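See structure below.
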Ligand SMILES: CC(=O)SCCNC(=O)CCNC(=O)[C@H](O)C(C)(C)COP(=O)(O)OP(=O)(O)OC[C@H]1O[C@@H](n2cnc3c(N)ncnc32)[C@H](O)[C@@H]1OP(=O)(O)O
């Protein structure tokens, strides 16, 4: 069995470590986190160094467990330059159609459904209970928060974050670097890299 290093031991890191543990694939699961050496333990797992120690473990499997899409991408690119093996984490309670593809470095959390012919990019977070319906195209470093529902043929652009409990109806295109606030409803395409929220969504006043 291989050894897994998770970058980031915050709340998202804890969830990802538990998903990794449930996969029963790694002999050890350990963290790198900048709280080291003050913190040496996260749940049952050891914190063994800071994020600047990545190159000491380059023969191990890696996963970046950082919620911020920009920071997650930064570490993903660093690991890619070091030719590290970046794995995906898929909780056994999720359902992923055999006609889907999932990029590396993506986490698929408890009770997620990814339906037929959908594509999920690299470095994404598909959080607890989210439904990605048929023929979706989810680009790299997207975060779909818990209980998001995407109808059929939705596309979501690179580094977009869709907030908890939000719904996007079928055949909608959500562009890159967009934030959709919690409990929102997207009925029309949105393309400007801004913050949107509400039912249906409007652009946040702060965005202007
Ligand atoms: C496992 C996990 O925890 S994953 C993470 C889950 N968390 C989320 O999904 C959170 C998503 N974030 C949000 O919804 C945030 O409110 C954001 C990003 C949309 C906006 O955050 P901020 O820029 O800090 O906005 P702020 O809190 O200052 O609110 C600004 C205004 O927008 C309103 N507003 C903010 N979010 C929403 C929303 N989702 N729906 C309706 N109105 C909203 C506020 O009430 C406020 O209105 P006011 O000016 O009339 O008082």
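From the backbone N, Cα and C atoms, a Cβ is placed for every residue, glycine too.
Curation does not apply to TrEMBL; its annotations are automatic.
What TrEMBL says about this protein:
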type: DOMAIN; residues: 4-79; note: domain 'PglD N-terminal'
type: ACT_SITE; residues: 134; note: active site, proton acceptor
type: SITE; residues: 135; note: site 'Increases basicity of active site His'
type: BINDING; residues: 143, 164; note: acetyl-CoA binding site
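A 10 Å cutoff on Cβ-Cβ distances gives residue 143 (acetyl-CoA binding site) a total of 23 other Cβ atoms nearby, all chains included. Proximity to ligand 1 at the level of Cβ atoms, with a cut-off under 6 angstroms, picks out 164 from the recorded positions 134, 135, 143, 164. In this structure the alpha carbons, written CA, of residue 134 (active site, proton acceptor) and residue 143 (acetyl-CoA binding site) are 18 Å apart.
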